[in-house]
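Taking it in order: structure first as structure tokens, then the write-up.
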Amino acid sequence: MQTKPFRIGTRGSPLALAQAAETRARLMAAHDLPEEMFEIVVLSTTGDRVTDRPLSEIGGKGLFTLELEEQLSSGELDFAVHSSKDMPTVLPNGLHISAYLPREDIRDALIGRTAPSLTALPDGATVGTASLRRQALVRRIRPDIQVTIFRGSVGTRLRKLDEGHVDATLLAFAGLKRLAREEVVTELLDPEHFPPAPAQGAICIESRIGDRRVDTLLEAVNHRPTYDAVSCERAFLMALDGSCRTPIAGYALCDGDHLRFSGLILTPDGQKEYSVEVDGTRTEAEALGRRAGETVRTAAGPGFFETWS
Ligand SMILES: NCc1[nH]cc(CCC(=O)O)c1CC(=O)O
């Protein structure tokens, strides 16, 4: 192996930095390499800079990835570490997701200030979130709840909650665990009733297609069950054309060679929905996700995706 350090690209949020550090630690352990062999390069992305509007409004794909991908393509970086959930379904030419680390918990967590659970929140309570999926899933269970746009890093959102801006907020349990903040959680939401976003809880590594040196390095940390589950979930998103304005949820679970996927699309008010379940072998993960996406898209019909945009 070469002696020049690998350049790892990441965003600068505390969660992104924790994920880059976890990636480096796993690579050091897998290859018995010293820390000096990995240089963590921090870049700011559009998604980091615009924090006062919902992401669905800023539009465009790759708000959290574009700047990193430019530097990957130009050879400035060797690979980039991302939250898979923030990855666009279609990547720039020449780049691919080459590895997934073992997935964290996939569930959403409620952090309640005035009550500990979604069902116990007071009548007309406010919940802070910028996610259309979380908004729709909250309204599906509690149509009386008002949703306030909440953006910024995990720490910023928890501070806004503390300051009393809202009664509760929702965050990925995975991110809270990675930041060692899981003690704030008052309720973990069951995926059967409150399904996570496709790819939630999984760290992925993006690199140049055909970079043998990087492929060899990353192979040792790639977790196949996560790779298959998230590939299935991303295929579901892609088949739905991943419009940022459609609340989409879904998760795949691997059990030995078997994979089961549950998907859901709903209107932002949570009052209308289409769900799908498929299962098969892990080797057909992508095909299963694609089929599930096509199934709900056909069931919903073209009108469904236009009713609110
Ligand atoms: N878009 C923000 C984002 N991207 C990934 C995570 C959490 C970690 C993960 O899902 O892997 C979060 C914050 C959140 O949803 O609470």
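Quick reminder: no glycine exception, Cβ is built from N, Cα and C everywhere.
Database features (TrEMBL):
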type: DOMAIN; residues: 6-214; note: domain 'Porphobilinogen deaminase N-terminal'
type: DOMAIN; residues: 229-295; note: domain 'Porphobilinogen deaminase C-terminal'
type: MOD_RES; residues: C244; note: S-(dipyrrolylmethanemethyl)cysteine
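Mean pLDDT, taken over the domain 'Porphobilinogen deaminase N-terminal' (6-214), works out to 94 on the 0 to 100 scale.
For the domain 'Porphobilinogen deaminase C-terminal' (229-295), residue counts in helix, strand and coil come to 25 helix, 26 strand, 16 coil, using DSSP.
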